[in-house]
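Per TrEMBL, the features are:
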COMPBIAS  A:324-338  compositional bias 'Acidic residues'
COMPBIAS  A:339-349  compositional bias 'Basic and acidic residues'
REGION    A:318-349  region 'Disordered'
REPEAT    A:437-479  repeat 'ARM'
REPEAT    A:531-573  repeat 'ARM'
REPEAT    A:655-697  repeat 'ARM'
REPEAT    A:780-822  repeat 'ARM'
REPEAT    A:862-895  repeat 'ARM'
Amino acid sequence: MGVALTRAAQWTMGKLEVSPLNEALLNDIVNFVEQFNSRHPQEAKLVFTEPLQWTTALQASDFTSEYELSGSSVHSQDTDKDGCPLLQLIPPDISVRSFSHLCKVVQLANDSKLKEVWACLEANREPVVKMLGPNFTTAEVSDSSPEAEFKVKLLLILQQLDTQLLNSSITQLSQKVRLSPAAVKRDVELLKSVCGAGEKRLLKSVRYTSDYEFSNGCRSPPWRQAHGEIAYLIIEPCDTEPLFITCSTAGVYLNSGIKQEGEENAYERKSDVYKDLVTLLKSKSLHFTENINEQVVFLNLRREIKMNLFCFHKSPGGGTAAEEFSESSSESEEDEEQSERRGESHTDLPSEYWQIQKLVKYLKGGNQTATVIALCCMRDFNLAQETCQLAIRDVGGLEVLINLLDTDEVKCKIGSLKIMKEISRSSQIRRAIANLGGLQTMVSILDSPDKELKCLAAETIANVAKFRRARRTVRQYGGIKRLVELLDCVPDSAMLSTEQEKDVEVACCGALALWSCSKSTRNKEAIRKAGGIPLLARLLKSPQKNMLIPVVGTLQECASERSYRIAIQTEGMIEDLVKNLNCDNQELQMHCASAIFKCAEDKRTRDLVRQYEGLQPLVVLLNEADNKQLLAAVTGAIWKCSMSMENVVKFEEFKALERLVSLLTDQPEEVLVNVVGALGECAQRPANRATIRKSGGIPPLVSLLTGTNQALLVNVTRAVGACATESENMMIIDRLDGVRLLWSLLKNPNPDVQASAAWAICPCIENAKDAGEMVRSFVGGLELIVNLLKSPNKEVLASVCAAIAKIAKDEENLAVITDHGVVPMLSNLTNTVNDKLHRYLAEAVARCCMWGSNRVAFGEAGAVAPLVRYLRSKDPSVHQATAQALFQLSKDPSNCIAMHENGVVKLLLGMMGSTDEVLQEAAAGCVANIRRLALANEKAKYG
Amino acid sequence: MTEMSAMSRKIIQNLAETLSKQVKHFNKTEAECLIRLFNGLLGEQTDRRVGLGLDRSKFRNILHNTFGMTDDMIMDRVFRAFDKDNDSYISVKEWVEGLAIFLRGTMDEKIKYCFDVYDLNGDGYISREEMFHMLKNSLIRQPTEEDPDEGIKDLVEITLKKMDYDHDSRLSCADFEKAVRDENLLLEAFGTCLPDAKSILAFEQHAFQEPQER
């Protein structure tokens, strides 16, 4: 109740106002008090700490026999501990000390209930405090006397009421229109348009009391803006006295006559609050009301047109939009702006605002000397603070700073850039600078002979080019080429002259700017074309960290492009990247690792990393578990490097696997993807599979199968699959129900996940005990996998064929998949062109021939002729599988005829001479079957 | 005649030799070039007291035409800074010494020089009044303002606030040096009194390469 009364209820000058909202609140309170006795009889008897006292309209005669009357005064029979009566009336004052009596008073008051409660609340601004004592909520509630218990209960009841009251008043408040400075301005413009001298005018005049408009659109002084007041108006209607009007966010009302600022008592409200100016005028001016209706249509029309115009202006030019989207960038979202986070009434302008405004004035109206002084003083403000940044922008300082860059005064340019370099850390300022065309000028400054100026311009560009459009602007104005030219210096000689040192500094700033710019694909291209790569390679030999970080940052950003990856390898940058892995700066280490991560897809690069002994520092960096970005880059580099088995051997030596396994838990996904990827690669070597098991890696791997990140799932399935090739591992996987999890990943919509899961299933079936039984236990599992043969993805098809070949080893399962139509589906695939698929398809065909009439069915479906063609493949593993399939198929005579017709014999004869015994045997068996058929045929013919 | 010029060449070379030893930043050839330039300028001068050196108006012409300075008061102060013996003429020695700082001075030398220029009454401090005097033309005067000097006064106050480290309401040389070290841009805080890079380059090319061309 306390909060509701102070916050929601509308008070003026210590009185409760007569307003609908207050009335509603009071009615609720009256109801509450009236029902208190019956609802909470025990709490009602509680004696208040202090009496509620107010001036009442009740007379002694109103009281019933329950009370003792003595003359005009009344008191209750029950008293408190000290003998004071709980109710005492000495007209016109009444004091009450319990809810039971309050309740009775309200009942006695009948028609004047509302008035009594009203008077009571006005007199007792904090009723709860009086009832329960000032410190009740905060002080010790520990004493467990029944009285304290009741007090707590009463407090809870009152708080409940409070919430209830607030809730109902909020619904009321929210129905009201809240005015904004823009809405007021619009209304005033409209009203001005209906003023004039003619017969038809609605008003004589409309004017603001102040001509000054603050940047937030308000015209009231800041200390009044705190009250939500927007502006003051003086409106002269045609038929009444001038109206002095306050427009506030809550609505508009008459004030006591504000003619100018500064008359304190004039701000007081003198009328009801109306929702807008027109409504207020309607109630105050008869002339206005009568004539408004004629013009209201016109007014509305005007408003509509204005709003349409407004919308039109806001839509951006169509031409640039298309290009905007064509630009790809690696961090496209980073800066693509959150809209401005400022409330519409900016009430408390800090003193910095005014000081900065003054300095900007000097910048505008000063000669070079005054400008330099003003610039230097502006730098003394805390430019990292948002208020100062926005103040500079809002008072028009950015325009001046950018204009200064176009002058010939070097000092002014330096001063201006020093400020812009700082404030461009704010994304709003960055946008403003770009919008004002600052980038173009800064790019042209890069040609200046003054090195300090060049540095500052490049640094500012580095800050501004954090969003796409700015990066494009830099490129379009030839900035990339100029920035690349800045890189030209001698970074590594020990003895540098002062001039050379300055050159190094310039190069460092240039690298910073290129780093920001390199986040757009086309800029990467532009840097390369401008000859940036050899320069970056040279700077990479620099011993200075502040130089290396932007250089390596740019390189790793650009390494997403193939051309850069090749260049990084051929220009010998891997050696330097590896060298810097050993430095003591984590940011630099991260960028180096990240560059290696991106480049090590290439085998030659992986070998170089090993040759330059980069693998050990990578493993050492795995211990930096707190820096997740570093960890993600390092694990990524390890993953890609482990694609070479020579590297895996090294990793074994450095005990990398144990570390990697320990990183399987509690890591962000970008780390997990890489860790699991690395484990998957390492597990291709048998010894490592045991290591993973021994260091407890299998349970976390299996549990990762339940994740949703697709990249992670691809890697996890691969790792689990690799582990499953060892039967001891398989036991653990089986126990953790890993095969079921893998199987359910076949339902994943991503084909990469499907394929990877199917590959992983193969070793599982091969190594699990009772694999057939296990597979059958997956309800609908066989149908699911057979249906994947309809996938358009070759890799999925190959993996599923491989899995089917394993499944078909179990006769019962073979029968089931035959029922699901595996034969025609496999036959359909025989004409696809893909060596990998051919091999596993042939394996699957060979296995599926083992059931019933499948051999005949394959022949009828036309699978034989394509299979014969597979023998012409260059891949020996295809030969083996195909020969086996043909051997199985050749057990059916009509297949033999088809094979013979397709010229299989000559091909098989060649393969019989192969060193591969399995191939030999299958080829020979097939030829034997064909031969036998021929012999039988001859025998039949010639008897 | 040839004897004369031969003799004067000899004199000039000797002078150059001595000056290049006394003054930093210039080698002997450069000093010689500057002396020749000085003599050339003297020749143009119609004043009969040629022997004393360059006079004020001649020197101001050079500052204005060669080094692009415009502020009369500052140019006078630069003249005073060059004219170390206060005889209202710049001797050849003062000329070479002055140009050494002007063209190639180190930061320390420039700070000292600028402070001398700005310390109008030479009492070792730049006072409020001196600042006001030097800055009085630095802002466009708003005709609407009640006190047109208000902006300047405020500018003086914020400058003092920034540079007066010991809070005695005036700038000592130490204050000035500290402020400039902190922010190099403040070296010429009260008016341009040093040439910019472009005119230095132009002057040096003109002065030092002429002899070879002849």
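Cβ coordinates are placed from backbone N, Cα and C, and glycine is handled just like the others.
The helix, strand and coil residue counts that DSSP assigns across the repeat 'ARM' (A:437-479) are 32 helix, 0 strand, 11 coil.
Counted with DSSP, the repeat 'ARM' (A:655-697) comes out as 30 helix, 0 strand, 13 coil.
Same-chain neighbours of the repeat 'ARM' (A:655-697): 597, 619, 622-623, 625, 628, 631-632, 635-636, 638-639, 642-643, 645, 648-649, 704, 707, 709, 711-712, 715-716, 718-719, 721-723, 725-726, 728-729, 732, counting only residues six or more beyond its ends whose CB sits under 8 Å from a CB of the stretch. Secondary structure of the repeat 'ARM' (A:780-822) per DSSP (helix as H, G, I; strand as E, B; remaining residues coil): 34 helix, 0 strand, 9 coil. Mean predicted confidence for the repeat 'ARM' (A:780-822): the pLDDT average there is 92.
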